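The structure under discussion appears below in the form of structure tokens.
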Amino acid sequence: MKHKKMRQFLADHCLLAGEIQLSGGGTANFYFDCKRATLNGEFLTPLADWLLDEVAPALSPSPTLIGGPTLGADFIAAAAIMRATQRNLPLCRASIVRKEAKKHGTKSLIENEQPSGQQVLVVEDVITTGGSIAYACDELLAAGHKIAGIAAIIDREAGGKQKLETQYNAPVMALFTKSDFPELNG
Ligand SMILES: O=P(O)(O)OC[C@H]1O[C@H](OP(=O)(O)OP(=O)(O)O)[C@H](O)[C@@H]1O
Ligand SMILES: O=C(O)c1cc(=O)[nH]c(=O)[nH]1
């Protein structure tokens, strides 16, 4: 599935119209329910290949780890490291930042935490304010890692992308932006 088909998949299966509450506060009249895409192998496979073939190679220094905030990053990261392993590519590990540390067991905030000093490719499904990515970046930095780049399926063009680029001095790449969906104009 190439980009055109991924765009159509999102338009057909994920794009919701009508007033809806957003994670960062406020409301909007459209919403991308990207979990419907990242929990579907037909979309997830080309998404992982986009990360491995177009995003990771464009970053310097090269990423050594995939990371991101649960829940948005979970399936994307898992798919990317599985495809990397199948394809004999080096990006075969991921760390996921929980919304809060576990209260039992390992008490982890970062699952599968890696030795400090990793160059992290942070992944997420949607960027609106960028708050959820910023939270994960801050925790990864606090764990001693660097932010090599940030990638998301959708940039809602609400200012989050620019904010993240400035805050983390790292490239932010989105597979699609709100403008790629003329369906939103009626
Ligand atoms: O750029 P932001 O303003 O942070 O908004 C985008 C975030 O909102 C959604 O997550 P949500 O908070 O719904 O949590 P979930 O992914 O765990 O369902 C989405 O998956 C992004 O993580
Ligand atoms: O800002 C959000 O909360 C948000 C917007 C969107 O389009 N999709 C999503 O999952 N979250």
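Using N, Cα and C of the backbone, Cβ positions are placed for all residues, glycine too.
DSSP labels the residues of the domain 'Phosphoribosyltransferase' (84-168) in these numbers: 24 helix, 25 strand, 36 coil. For 84-168, the entry in TrEMBL reads domain 'Phosphoribosyltransferase'.
Taken from TrEMBL, the feature 5-phospho-alpha-D-ribose 1-diphosphate binding site covers ARG98, LYS99, LYS102, HIS104, GLU124, ASP125, VAL126, ILE127, THR128, THR129, GLY130, GLY131, SER132. Counting only same-chain residues at least 6 apart in sequence, those with a Cβ under 8 Å from the Cβ of SER132 (5-phospho-alpha-D-ribose 1-diphosphate binding site) are SER23, GLY24, PRO69, GLY72, GLU124.
As annotated by TrEMBL, orotate binding site applies to THR128, ARG156.
Across the residues annotated as binding 5-phospho-alpha-D-ribose 1-diphosphate (ARG98, LYS99, LYS102, HIS104, GLU124, ASP125, VAL126, ILE127, THR128, THR129, GLY130, GLY131, SER132), the widest Cα-Cα separation comes to 32 Å.
Under 6 Å, Cβ to nearest atom of ligand 2: this is the test, and of the binding-site residues LYS102, VAL126, THR128, GLY130 it is passed by VAL126, THR128. Note on the binding-site residues ARG98, LYS102, VAL126, THR128: the fewest other CB atoms within 10 A surround the CB of LYS102.
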